[in-house]
Amino acid sequence: MVLSPADKSNVKATWDKIGSHAGEYGGEALERTFASFPTTKTYFPHFDLSPGSAQVKAHGKKVADALTTAAGHLDDLPGALSALSDLHAHKLRVDPVNFKFLSHCLLVTLASHHPAEFTPAVHASLDKFFSAVSTVLTSKYR
């Protein structure tokens, strides 16, 4: 999926506003994913998955850091996320549908924390961004 110049601007502006809260929001989105889509828990048998878990927060920060990297490389997502794509496809073997689940929970989390800034245009741009990231992460599954 190609991000338009307006999409790129919306993604960058949103990520700038998120700033230091990215890790917190990543953890919250991951908690939402586990609560809303319990099958996603199967990839984390070694984690304490209770609400507020330090392990979930730490992994949520990793997710947020990867998205921050992606937001900084919107013109080369495959290059920026190549190692992460290899990891998810070849080692972790995460079912691609889980990226859609997490993307949805990220949108909900961001909208709940920034309702005024979460306009329909921003929502659409972030949805396209998360979809593009998901496409890159699943590109090496073939």
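Heads up, residue numbers simply count up from 1 along the chain you see.
Cβ atoms are placed via backbone N, Cα and C, with glycine included.
The O2 binding site annotation in Swiss-Prot covers HIS59 and is backed by sequence analysis. Among the features that Swiss-Prot reports, heme b binding site is placed at HIS88. Annotation comment: Swiss-Prot describes 2-142 as domain 'Globin', evidence class sequence analysis. Annotated phosphoserine per Swiss-Prot: SER4, SER36, SER50, SER139 (among others), in sequence order. The N6-succinyllysine feature in Swiss-Prot is assigned to LYS8, LYS12, LYS17, LYS41. For LYS17, the entry in Swiss-Prot reads N6-acetyllysine. Residues or ranges marked as phosphotyrosine by Swiss-Prot: TYR25. The phosphothreonine feature in Swiss-Prot is assigned to THR109, THR135 (among others).
A map of Swiss-Prot features onto the structure.
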| residue | record | DSSP class |
| --- | --- | --- |
| SER4 | phosphoserine | coil |
| LYS17 | N6-acetyllysine | helix |
| TYR25 | phosphotyrosine | helix |
| SER50 | phosphoserine | coil |
| HIS59 | O2 binding site | helix |
| HIS88 | heme b binding site | helix |
| THR109 | phosphothreonine | helix |
| THR135 | phosphothreonine | helix |
Exercise. The domain 'Globin' (2-142): mean pLDDT?
Worked result: 93
Exercise. Can you tell which of the modified residues LYS12, LYS41, THR109 lies nearest to the residue listed as 'phosphotyrosine' in space, using Cα positions?
Worked result: THR109
Exercise. Counting across all protein chains shown, how many other Cβ atoms sit within 10 Å of the Cβ of SER50 (phosphoserine)?
Worked result: 10
Exercise. How many Å separate the Cα atoms of SER50 (phosphoserine) and SER36 (phosphoserine)?
Worked result: 14
Exercise. So what sits near SER36 (phosphoserine) in its own chain, CB-to-CB under 8 Å and at least six residues off in sequence?
Worked result: PHE101, CYS105
